[in-house]
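Asks: Straight out of Swiss-Prot:
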TRANSMEM  12-32  transmembrane segment
TRANSMEM  70-90  transmembrane segment
TRANSMEM  93-113  transmembrane segment
ACT_SITE  ASP123  active site
TRANSMEM  133-153  transmembrane segment
ACT_SITE  ASP141  active site
Amino acid sequence: MLNLFRQSGLRFLWLAVVVFVIDQVTKHWIVANLEPYQAIQYTSFFNLTHVYNYGAAFSFLSDAGGWQRWLFTGIAIAVCGLVTWWLKETTRQQVMLPVAFCLIIGGALGNVFDRLLHGFVIDFLVLYYQDWYWPAFNVADSAICLGAFLLVIDMFKNKDNVNE
């Protein structure tokens, strides 16, 4: 078992733990220091705003009546299981792919924890330009997006290696 851990992408699981902890610490700080919907402007394009997201990305299905909490929790847990299995299948030589998987796992578990504990996800990072606002997000969402981006990069990197 230890050999499998050392020889596969499972050796990067610490990154998922780091993402989860940073996500939860930042959310705890927001809850402790900002009232719901209170904003602190830092620049002309960025602020911290304490908001609750009852839906998925971009508040998808946020007003669906509560059942979506369990749907999104179930999907996230299933995805984490699948991605962990894929992580186990990676080789020692692969780095970008297991890092991407662990970013996704850590972010997904951070949001699952919120859904189970609160019934919603705490978002607080807001980017905007004049009257155009990107939907609020959090560290977990950022890790998931970065992981997905790295998956795409890895896919094209491996495509180039196969064609040579």
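Numbering starts at 1 and runs along the chain as it is shown here.
Note that Cβ sites are derived from N, Cα and C of the backbone, with glycine treated the same way.
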Asks: Can you tell me how far the Cα of ASP123 (active site) sits from the Cα of ASP141 (active site), in Å?
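Replies: A Cα-Cα distance of 9 Å.
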Asks: With CB pairs under 8 Å as the measure, which of the listed stretches 70-90, 93-113, 133-153 comes out on top against the transmembrane segment (12-32)?
Replies: 93-113
Asks: Neighbour count, 10 Å Cβ-Cβ cut-off, for ASP141 (active site): what number do you get?
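Replies: If we count other Cβ atoms within 10 Å of ASP141 (active site), we arrive at 21.
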Asks: Measure from the Cβ of ASP123 (active site) and count the other Cβ atoms within 10 Å, all protein chains considered.
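Replies: Looking across every protein chain shown, the total is 22.
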